[in-house]
Structures are given as C-alpha cells and as structure tokens.
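Participant: TrEMBL lists 55-72, 84-105, 555-574, 594-614, 634-658, 678-704, 716-737, 749-769 with the feature transmembrane segment. Taken from TrEMBL, the feature UDP-alpha-D-glucose binding site covers 147, 148, 177. As annotated by TrEMBL, active site applies to 177, 483. As annotated by TrEMBL, Mn(2+) binding site applies to 316, 340.
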C-alpha cells in the first residue's frame, strides 16, 4: 500500500508539474523578450576581494609547507633534548599543525569565488501574473512544548500565513513530533486569531507579522492606534489561554468552545512523545474559510506523525519527509519553504524574492533551493557566544554561492519539490514513476476523506520500510544534521542553489542564551557532521568526485569540524606544560623561523577580522567569535568526537536533544550585560576549567622564571605568548570560577574538579620530564 501512495504522490506532482513547467508557461509569446525580463529580476556580481584571496592563499600555502619542513627537520635533528617524551610532544605539535593546515586548505575553497546577488521582487509582477504564481507549502516543525513554547511556534506559523501572497496558493503545515495536545490547542487558537490578524496586517502594511515579535514594541512597524490596541488585547487573551494550558500540562474543558473540540481532545488520552498514533487536523481550509473582512484565508494543517518506541523515527528529517508526503497528497505545491519553529518571517514579501530565482527559466532546470541566511534577534552587543555564526551563515555562504550554491541550513529555505525526487534537468518525473510500475486505483477526484486516509497511511511509522525515503528521496537520513546532509546530497547529484541575502533580514530567530545550551548544540552538530565525514559519502572523496574539488573541500571543512579538537586542545595544553618544564617547542625570537610563525598567526587572524568587518560586523563580535571557536574546540568538539566514536562502536549515547528556547529573567539580564552563563554542573565545563587554570599557571610560572633568568625569554617567548593569549580569552571563565556570586557562576564542584585535574596533569608532566 505504501508504494502505491508514494507513486500517487509522484504522479500528482507530475500532473501539476514542476517549476520548469511553470516557467515555460510564461514563454508562449515573445519568448526572447520574456527571458530578458526574467534576467532582470536578479543580478550576480563577483566580490572584488577574489584576486587578493588567491594571492594570499598562494603565499600562505608556501608558508605552511615551510613550517612543516622546519618542524620535520627539528624532529629529525633534535640534539638538545633526548627522550621519548620530548619527541612525543614535538610530534603532537606537528600533528596539530598538519590538522590546522588541512582545515586551512579546505577553508580556502570558500574564498575562491565569493559572489554577491541582488534581486528585484517589485519587477516580478511585470513578468508574472498573480494567477500564474506557483503554490507554496510551508513546513514548520516542533517537538517539545516545554522547550519550544507553543506561543512562539504559532507566531512563526502566523507570520508565514500572513505572507503577501495569494491565499489560495499558500498552505502552512505544522509538524508536532511531540504529539502534544498543548501544541494542538495552541494552533486551534491561532486559527481563530488568524481571521483577525491577517486583515490587520494588510490594512496597516505591517512588516513584522509574527504577533509575538510585533507586540513587543521593538520593531519599526509597530503602530499604537485603536485597531492595534484591540488586536493586542485579542492576542494577549489567546496567549494567556495557551500559556495557562502549558503551565498546567493539559487542556482543561473550560478552554474548549464546543462539544466537537472536547471529543477531539479525548484522542490524546494515553499519548506520549514516543508512542502515539497519527493526528491530522485541517484548521483552516483555503477553499472554505474567510477572515473577518471576507477575504480568503491560506490553509493551516496540524500534523503529528505516528511514533513508536520500537521504530526509528529519524528525528527532524523523518518529520520533514512525512510533511513532504502528506503535502503532496493534499496541496502538492511545487515550492516548499522549511522554517524552524522559532524562525519567524520578518518580511512578508520574502516569497517573491525567492521566486525571482525559482521562476527564471535559465537556472530553474538545475536550481534545487534558494537559501536565506539565518539571522537572530536579541543577541547582545558583543555577541558573547558567537551566536550570529557570521562565517557559516553569510561569509562562507557567499563563497559557496560562487561554486554550486550555499548549503542548506535547515530553515529559511525555498525548495523546488522536484529536487527531492529527480535529477536536475530530468525530462519528466512521470517518466521515472511509470517506468517502474503501473499506478492503479487512483482517481484525482477522490474526496477529502479518502485523501486524509491516504495521508494517515503516509505518516505511519512503518510507511518508509523498504523504500528509498531518506536516502535518494526526500530529506536525507544517516546523520542528525539532516540539513547539511540534504544540501550536500543535492549538490552531489548536480543540483545548484542560490544565496539570497536581502538588506532587511527575511527571517529572524532565537538563539541559545546560556553556555551549556550553546556547547550542547555544537556537540550535536559535531556528531552529525562526523557521521557524514566518515561515511561512504565523505566530501573529500565522494563530494570532490561528484560535485567538484572545491565543493568537496567546502563540505569537508564543515564535515571535519570535530577534528578541530586535535590542534586546539594540543595548543591549549602542550606548549604550556612544556613551558613549566623548561622545554622549548618553537623557534627563538632571534631565529629567522620565528617570523614564519608570526606571519602565519597574524595573516590568518588579520584576514579573518577583515572579512568580519567587511561583512558588517564589529571587532568585539569577531573577538568573541574566535574565543568561542577555541571554547568549542576543547568542549563540543571533544565530547562530540567521543560520542561519535562510541556510536560507531555500537555503544548507546544520549541521542538527539531539542535546544531549549526558554530563558529565565535573571539569566536574560546577565546575558544582556555580556556575562557568560554557566550555572549548571555540566561535564562540558570541566575541560574548559582545566585549560583556563593550566594557562594561568604556566604563564605565571614562566613569567616568574624569566624574571629570575631561569629560562630565556628569547627561547620561551612563543609559549609565553600562547599562554597569555589563551589566558586573556579565558577571562570570563576565571570570573565565573573565582569572582562571581550570582546564579550564573561556575558551580563549585566543576571548579574543584578542574583544579584537581590540573594539579594531576601538571604533576604528571613534572614526573615525566624531571623524573
């Protein structure tokens, strides 16, 4: 039965056609003139920094080769210190430098041809009539009403429902992987509120159409007239009902307005997050429902796929594939937008920007998706946790855009539905489907009840057994970072993508605002990326062969993120322990080779800072970005690599965790002041404390011995500099361990454990080197 439904979805997709057929319909008359107009919808301009980047890459490559030569020569000609332990230290430093070199080489692919695009959505109406615009299906995923508050999720969905787009062509699907009655109740309330919210937004030309964001008053489109006050009261009433049910943990009968609703919520008796049947509820139906002004409303559908504790559910990728199948049965739009539950629309005309590319017949045959950058609200001035991720979401995305297009980042992405089922330039998806088997028993005039029955079957937990879903069809499995893996797979198949970065952020979201959540999220990313790196689809081999060498390097840079722990941890500990034991690991200041190390350090940091400043960031945000890179290196990357190794050996680990979107008032105030939030006794903080104390100790000991002339400043300068540099970056850690008294300080047990392990580490090094 599952294969029949799958083929029917493919046939329905074929009959309604893909974006290629939409774009071809515009070229019936005056084809050349129309193509010229389509071309005028967007432009592409290579960045002027390209020649400098390539020249710098050449010089830096020569310097790296010279460094490796010097290090190998020093290892082979080490006559000053004889001993296995010293050779081991030198070898580990060489290994760290080789990993640094590998990551630098792969990172240069992003700088080979960065480009800047611009689009003109206001010209789209001159080229495409409204009735010719393609349908759009919006996917919003949530999993836990306590970590992802329903009020925020429904605000995200409402911001998408309120797009400036024909209502009959827009459908929003909400996937609730937690199967929670709290989320379902929130969206029943949202459907009622939408009847008032949409006409209010249109009448007042509101730009921020997430009610939660709009009514906080910190946006440029807020108005305070009578209509705004009335709609705010209506929203606050809805919000109170939703939050009240979330606090109690259930939906009380007095919250429900009809007997039908009461019967519906009886379904949730006995539901758990891991075990529940499929639930599909059409909350708004475009062909029937109207807002208070009489205008047609977009469709809104709540879904919760069947879950069983005995069946793998493939996390978010599994939820997206269920949405892909059900939407194919119900609306079958050729364009799909994926949104995180906390990533609301900040510009109602965003779909038109995406269509400037998706409707261009010159690029449509190979265009899989249009990716908007992830932008975030509420980040403090200096971005202490580097939550902006500017390099990933903007700088590197522009670099990839000049090669094959940006990688998929999980949200803010408009897909062509066809890319999930076919190869670029395929003549017809129907040919692919009918070449395997004959579709029988399907009539496109079937009633909605029959379609809903098929939708229930398509969301069953056993539907995908024996199919190619998650491997060659749909969003990809085999990694918890389904976004990275999906984008990578599409690029390896020959599909391209486009990076759309308008001046006004298209979408705004929330970020973790305590260090434990930031590092836990980084650990999960590390595990998922390593799953791709050490699979048969390794970017250095499979990616380089099937996409291109440069594209393979770009994806390898991300996939091998976890191995950063090798050089970062090595440089965070070994030079410092060697300094305490009077062992030089680097050239003297008077040695000409010293200037090679100085050039490599200064040039890398200068280029990184320059790219941040040109990208519109600040010095302090760059400084915190490089600090968080080091912090993640000794925490997220270590624990992520360990977890990946255990998984590879078949040892069970903690598994997928939803990032917490809830934050207390005191924690929020500390974050706004730029204070790091520790607070919990997380094992992730232990290596952080060890590194901080080791560097403080080594700098103090080394500096004192230089003053006493027990060691040469000329000989130990580099190691003193490294210790001092790490020590300066570790100031928030010292502050949390020894100075702060608030709730965000480092727990005493972590501080004591870090001190004890530091003493053990230093004692061990003294025993090894001094006997």
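Each position is counted from 1, following the chain as shown.
Any Cβ shown, glycine's included, is placed from N, Cα and C.
No curator has checked TrEMBL annotations; they are predicted automatically.
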Participant: Specify the count of other C-beta atoms within 10 Å of the C-beta of residue 483 (active site).
Facilitator: 23
Participant: Is the number of Cβ-Cβ pairs under 8 Å between the transmembrane segment (555-574) and the transmembrane segment (55-72) three or more, considering only pairs separated by 6 or more positions?
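Facilitator: Not in contact, no.
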Participant: Which residues, sitting 6 or more apart from residue 316 (Mn(2+) binding site) on the same chain, put a CB under 8 Å from its CB?
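Facilitator: Counting only residues 6 or more apart in sequence, the Cβ neighbours of residue 316 (Mn(2+) binding site) under 8 Å are 141, 143, 177, 410, 482.
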Participant: If we count other C-beta atoms within 10 Å, could you say which of the binding-site residues 147, 148, 177, 340 has the fewest?
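Facilitator: Comparing Cβ neighbours within 10 Å for the binding-site residues 147, 148, 177, 340, 147 has the fewest.
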Participant: Same chain, outside the transmembrane segment (678-704) by at least 6, Cβ under 8 Å from its Cβ: which residues?
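Facilitator: Cβ under 8 Å, 6 or more out: 514-516, 519-520, 523, 569, 572-573, 576-577, 579-580, 631, 634-636, 638-639, 667, 711, 716, 719-720, 723-724, 726-727, 730, 733-734, 736-737, 743-747, 749-751, 753-755, 757-758, 761-762.
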Participant: Are there residues at least 6 beyond the ends of the transmembrane segment (749-769) whose Cβ is under 8 Å from a Cβ of it, and what are they?
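Facilitator: Result: 83, 85-86, 573, 577, 580-581, 583, 678, 681-682, 685-686, 688-690, 692-694, 697, 737-738.
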Participant: Could you measure between residue 148 (UDP-alpha-D-glucose binding site) and residue 340 (Mn(2+) binding site) for me? Cα positions, answer in whole angstrom.
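Facilitator: Counting only the Cα atoms, the answer is 10 Å.
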Participant: Rounded to the nearest Å, what's the C-alpha distance separating residue 147 (UDP-alpha-D-glucose binding site) and residue 340 (Mn(2+) binding site)? Just drop the number here, would you?
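Facilitator: Approximately 13 Å lies between the Cα of residue 147 (UDP-alpha-D-glucose binding site) and that of residue 340 (Mn(2+) binding site).
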Participant: Would you work out the biggest C-alpha to C-alpha distance among 147, 148, 177, the residues that bind UDP-alpha-D-glucose according to the record, and give it in angstrom as a whole number?
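Facilitator: Site span for UDP-alpha-D-glucose, by Cα atoms: 13 Å.
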